[in-house]
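Data first, discussion second: the structure below is written as structure tokens.
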């Protein structure tokens with residue numbers, strides 16, 4: 001604990017708010033995810049760090065929920081993998097991994113339209129995260145892998161991103177996917193990122209995606225539509241056109257900010273649905289594809305725990321910070337009365353402020 005009384009006061013208040021949230025989320029609304037086959041899942045958590053401890057397991061739902069209520073962690077995780085010995089320290093071999101959920105992690109960075117500090121969030125970078133989820137789903141998961149919205153679980157991470165779980169309704173397909181090893185998962189994500197794109201033998205899906213982009217950039221596509229050997233065709237073009245083609249290809253391949261480690265790591269932890277994100281205080285919230293597609297889900301509105309927007313504090317914010325809008329209310333370093341929802345964001349971002357009496 002910090003020796004600074006003001007800092008201790010803030011930490012204690014934040015801890016109390018997290019406790020209030022979990023009391024409501026668990027006892028009243030049943031929001032908190034209970035990982036499937038709980039005894040075979042590893043649990044991790046963080047308070048002042050993203051992950052303070054892991055290698056924890058529980059035999060029953062009751063034990064797990066009692067522990068969450070007691071600890072009320074700022075960050076809460078479960079393993080994607082199912083393990084024989086989830087509480088053992090070590091890699092997949094020691095833990096006895098026998099299957100694994102497959103999930104994508106889209107984590108966007110500050111965009112060209114953002115005017116804030118790199119660590120902040122706004123409608124622009126959150127909008128970019130939404131767009132990337134739709135690209136992943138509509139350009140790849142639906143057409144290439146025959147999945148439907150019923151086969152996906154989409155989760156707002158509580159920050160600038162989303163987790164997209166593959167949960168096919170077909171039990172045989174689900175079983176097959178969850179048995180994928182590291183190599184299969186790596187091939188899967190590298191295909192989507194275009195890392196194994198072969199310009200001398202273009203597959204139909206990537207071909208269609210790129211031709212669509214070529215047309216937007218006024219690049220003649222007739223010969224690309226007829227041929228699979230694009231490398232030879234590109235090399236016949238003028239230098240300026242050739243450069244434009246390669247730049248377009250690179251731009252399309254870099255559209256998605258996918259965290260490859262989430263797909264690659266055998267013992268990866270992912271945020272627990274129904275918890276709060278310790279850096280923002282926003283909810284880790286499952287949403288529907290239709291609410292994302294129609295732009296009905298607004299992270300800076302629907303991601304805020306409503307009760308925390310009604311608890312007010314008088315504060316002195318001691319450093320200049322970018323504005324943030326939560327539930328339609330905008331706050332910045334000049335704000336002197338703020339809701340708990342904004343207080344959690346300030347705390348999570350290490351902003352220097354004090355709570356006044």
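The backbone N, Cα and C atoms fix where each Cβ goes, glycine too.
What Swiss-Prot annotates here:
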ACT_SITE  105  active site
ACT_SITE  107  active site
ACT_SITE  259  active site
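This view paints the features noted in Swiss-Prot onto the structure.
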residue: 105; record: active site; CB count, 10 Å: 20
residue: 107; record: active site; CB count, 10 Å: 16
residue: 259; record: active site; CB count, 10 Å: 16
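Residue 107 (active site) sits 7 Å from residue 259 (active site), taking the CA atoms of both as reference points.
DSSP classifies residue 259 (active site) as coil under the three-state reduction.
Residue pair residue 105 (active site) / residue 259 (active site) shows a Cα separation of 5 Å.
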